[in-house]
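Data first, discussion second: the structure below is written as structure tokens.
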């Protein structure tokens, strides 16, 4: 099957964010030419943040060594093959034009052609019209923010003109004040923000519920408005910011492997199956003396970088560090649950070539990968990949779906798919109904950090109070929240800290810790450590049964 391909959006390389990302990339290359002292840097975690950090350190002439606990790389974008050779993915991962550091990374690795760009539109299922969809179409060659305005105004099926006008008072300050306004809204939930600015409830029902679930797997009453505004700010201000792309195959081969090849060609190393048992600390200086692996070996380096998920690094904080406000603030951050589904059908469904907002109480977004992705392309059968969210009561679900059986989750999903595909799935389709041939359920009980109101102030800087320890990970402070872009940027910023310290230059400094933490009487705590050797223990995704389910 030959898939439609749209050209790489030309304007993504013309934005201030792109130029800023490029300048940081160039800084590492310039560093190499003046680097007088190569440093060995141990990086804990082989997700996108750890790999990006290692990539840029190797560009700067240092020697990064990545230690990944699992036998697969990628972290939240990891994937593995089942007995049939099909790739089982931790999540449905979409690339946006407004991902400048990620786009720079693709260019630097010479793999831009692996991005399959889709038509510039946002497609939503019509809630009250089963089987029908509507799209916000972004006109070509129209500059921002006018292309967004035209996309919104030209769609008459989701919001009335009056409702669109009533969105303006809340969005105008974002356009005029920028990031400072966005940051100030972090204490408000989406619903609280809407009420403050007099937005009609239907805007939430038609737009924000779908956006909230797609961006952070959370319903709007429990989601910080800064998340919505961060995305909208990029989409409004960057003409191609909301255009989406799929990578042309599985993430381990098509993205992680080129990163590993780049790192190792420049003298770095990437190890899998190397979990850390303990961060060993000098009792006098409090600096890191080494990393003890679970096999008893000791890793020694000049600098150490944590690129672990926030829920894992919290378990590893040494006792001597536990009373430091910088580390104590991490208790205010925790990963959010999400479930990723893949369902194979015995025939080809009528589907959109791109990401769809399902508008379902159980499903966030989905895509027919047989239509969207070259490696999975098929003329004869469909494979839907779906994000099941929210999936616990804490983030808006009606029950704890993480604890449900695979069969219950698939059954509930198929009932929702009957609404999306009423003439092709379910009893109403009769003899034409598509049958499920295989399915898989991957649970991630702690994914990206939960952006409930008020979380931003607890995100740590990459720079830390420990002279040879640096923090990476998408939860660490950077402007792109928890996402692939945020992970790559955080890894770059962590690499920059090491380069600056190694060259005896001042860093950007340690971000101040909120007074709600500094005012506490903190007590020393022994690290809990990671218990078990299964994927969830290390912040990964895991199948309930460990196998895909074949359907007769």
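Along the chain as shown, the residues are counted starting at 1.
Every residue gets a Cβ built from N, Cα and C, even glycine.
These figures come from a predicted structure and were not determined experimentally.
Per TrEMBL, domain 'Amine oxidase' is recorded for 48-498.
What TrEMBL records for 49, 68, 69 is FAD binding site. Within 10 Å of the C-beta atom of residue 49 (FAD binding site) sit 34 other C-beta atoms, taking all shown protein chains into account.
The feature region 'Disordered' is assigned by TrEMBL to 504-552.
Residues or ranges marked as compositional bias 'Polar residues' in TrEMBL: 509-521. Applying DSSP to the compositional bias 'Polar residues' (509-521) sorts its residues as follows: 4 helix, 0 strand, 9 coil.
The Cβ centroid of 49, 68, 69 marks the FAD site; residues of that chain outside this set whose Cβ lies within 8 Å of it are 43, 44, 45, 46, 47, 50, 66, 67, 70, 73, 75, 307, 308, 538, given in sequence order. Note on the domain 'Amine oxidase' (48-498): mean pLDDT across this stretch is 95.
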